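Reading through the structure tokens given below for one structure.
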Amino acid sequence: MIVNKKYIKRHKMGFVYFHWINAVSFFMLLLTALPLYADSFRFLYDTFGAATLQYAHRVFAVIFILNPIIGLVTAHDGIRRLVKEVVSFGRDDIVFNQKFPAELIGKEPEGIPPQSFYNGGEKMNILLQAVLWALLVISGAVLWFGDGVVSPVIRTWMIPLHSICAGFGFAAAIGHIYLAVGVNPDSCHGMLDGTVKASYAVKHHGKWVDELVAQSSLTEDEVKKAVEADEPVEDASIQARPV
Amino acid sequence: MAKEIAMLHDVARCSACRACMVACKQWHDLPADMSTPFEGQYQSHKELTPTTWNLIQMNERVDSDGKFHWDFFKRQCMHCSDPACAKGCPEEAIEKLDNGAVVINQDKCVSCGYCAHNCPFDVPKVNAETNKSTKCDLCFDRIAEGMEPACSKTCTADAIRFGTKEEMLKRAEQRVAILKQEGHQDANVYNPQGVGGIHMLYVLPEKPSVYDLPENPQTPNSIDLWKDVVRPLGKIAGAGAIVGVLGMAAFKKLANREKGEK
């Protein structure tokens, strides 16, 4: 479905909310626990009070845990797509992951195979975040409710586990944000109103566009027109490849 | 260095009068736990609480010969020589004094509960009202003034003794020898080395597990992993990601500029 002449519908709004609730709660969880991780953030405890931040950490934890569970209903299609894409990790994704990094520093590597709904890097990020979510939830729940239930021998290991997941999650999130805002600003649009430029879709998710055409959700003609509608933009870097 | 001290609970001598529990509450000005339900036993509290740092646990037991025993065990902080609570405290709020007492500094404590998770004996309890972690402090303030802890001072049965660690170990060995003569073949001094030895020694007529004590508790390696590996690695990963991203952004800008010039 073409929206506003040059956009293709990519995400349903339920999935967009799912993404942002996860993002905000993750960063709030990180901030509210940071003083325990790094002494240089001790000022957060001094400013807001340790009890307040620890309470807030639990509130955001509940949101962080419930979000994907509620998402199974409200972002059903999007989550099914996540799972489907991750399990279909294949040869093209490996080639993508080998060639793409040059794009990070502004180069335009040749021979990147067309990517499906998510590219190889996104698939890895999705899988990583899903695994980290599960580990954070398990270790966090043991730390929260484990007193008197779970043996101290096990509980003590949950502290490094929880910490390392938070550390890797944060590092991955920074990379994710850079790719979205710095490298492919057009992709952000998909997380605002759920649509992306047709030109972006054709360039970065060629297989997905083909899939849409094959499903008759779009015609090739519509795609071509939508891409052309975007042609006169000034920034040469986001111009579409010829269809 | 101050002399290493120790307290000794002689389980075989304890009469479970619980005067030590009262004395502890009195000295530390701790309120009664009014929510303790009556469950048809003499046992008062089930477990240590943020306002009960010393607890006589009463356990009814029938041994393999069908003989009935009523065990009285003084549960409290063990004051380990290698204290997991202090080691894993992110705020360095727990200090092991030269004399061996392990004490929580309430001003520094932020109530993260890591001490409670790390303790192999499950001793520290976080007080949700004051948002501070709590446990027995071995009456370090009394010791500093040349007094003995409130509990040992008040013990009528001479079951709780206090003195230098050397004295206490010696006394404990003597008591174990007597108990063995009396037929308690498994009698032992509880002073586990996995936590560096403890300053709350026990004379046990039976094996430690009979009193729900871990046979071989360890100061967990997870703390070293967390302090020496995870925390630095997490910081490097986080800071590295930010620096890396900024670096790539700069590169990208340069590359774009070159393209523009061409």
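Using N, Cα and C of the backbone, Cβ positions are placed for all residues, glycine too.
Nobody curates TrEMBL annotations by hand; they come from automatic prediction.
Note that the structure is predicted; figures quoted are calculated from it, not measured.
Now, the feature entries from TrEMBL:
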{"type": "BINDING", "residues": "B:CYS14, B:CYS17, B:CYS20, B:CYS155", "note": "[4Fe-4S] cluster 1 binding site"}
{"type": "BINDING", "residues": "B:CYS24, B:CYS136, B:CYS139, B:CYS151", "note": "[4Fe-4S] cluster 2 binding site"}
{"type": "BINDING", "residues": "B:CYS77, B:CYS80, B:CYS85, B:CYS119", "note": "[4Fe-4S] cluster 3 binding site"}
{"type": "BINDING", "residues": "B:CYS89, B:CYS109, B:CYS112, B:CYS115", "note": "[4Fe-4S] cluster 4 binding site"}
{"type": "DOMAIN", "residues": "B:66-99", "note": "domain '4Fe-4S ferredoxin-type'"}
{"type": "DOMAIN", "residues": "B:100-129", "note": "domain '4Fe-4S ferredoxin-type'"}
Packing count at B:CYS155 ([4Fe-4S] cluster 1 binding site) (other Cβ atoms within 10 Å of its Cβ): 24
B:CYS136 ([4Fe-4S] cluster 2 binding site) CB neighbourhood, other CB atoms within 10 A: 28
Among B:CYS77, B:CYS85, B:CYS109, B:CYS119, B:CYS151 [binding-site residues], residue with fewest other Cβ within 10 Å: B:CYS109
Cα-Cα distance linking B:CYS155 ([4Fe-4S] cluster 1 binding site) and B:CYS89 ([4Fe-4S] cluster 4 binding site), given in Å to the nearest integer: 33
Non-local residues, at least 6 beyond the ends, that sit with Cβ under 8 Å of the domain '4Fe-4S ferredoxin-type' (B:66-99): 1-5, 7, 9, 11, 14-16, 20, 47-48, 53-60, 105, 107-110, 112, 114-115, 117-121, 123-124, 133, 135-138, 140, 143, 151, 159-160, 195-200, 202, 206, 210-212, 219-220, 223, 226-227
Using Cα positions only, nearest of the binding-site residues to B:CYS20 ([4Fe-4S] cluster 1 binding site) (B:CYS77, B:CYS109, B:CYS112, B:CYS151): B:CYS151
Top Cα neighbour of B:CYS80 ([4Fe-4S] cluster 3 binding site) in the set of binding-site residues B:CYS17, B:CYS112, B:CYS139, B:CYS155: B:CYS139
Collapsed DSSP category at B:CYS85 ([4Fe-4S] cluster 3 binding site): helix
Cross-chain proximity of binding-site residues to A (CB under 8 Å), evaluated over B:CYS24, B:CYS77, B:CYS80, B:CYS89, B:CYS115, B:CYS151: none
Candidates B:CYS109, B:CYS115, B:CYS119, B:CYS136 (binding-site residues) - the one closest to B:CYS14 ([4Fe-4S] cluster 1 binding site) by CA: B:CYS136
Number of other Cβ atoms within 10 Å of the Cβ of B:CYS17 ([4Fe-4S] cluster 1 binding site) across all protein chains: 15
Rounded to the nearest Å - Cα separation of B:CYS112 ([4Fe-4S] cluster 4 binding site) and B:CYS151 ([4Fe-4S] cluster 2 binding site): 29
Any further residue of that chain within 8 Å (Cβ to the Cβ centroid of B:CYS89, B:CYS109, B:CYS112, B:CYS115) of the recorded [4Fe-4S] cluster 4 site: B:CYS85, B:GLY88, B:PRO90, B:GLU91, B:ALA93, B:ILE94, B:ILE104, B:VAL110, B:SER111, B:GLY113, B:TYR114, B:PRO124, B:SER133
When distances run from the Cα of B:CYS155 ([4Fe-4S] cluster 1 binding site) to each of the binding-site residues B:CYS24, B:CYS109, B:CYS119, B:CYS139, the nearest one: B:CYS24
Candidates B:CYS17, B:CYS85, B:CYS109 (binding-site residues) - the one closest to B:CYS136 ([4Fe-4S] cluster 2 binding site) by CA: B:CYS85
PLDDT averaged over the residues of the domain '4Fe-4S ferredoxin-type' (B:66-99): 95
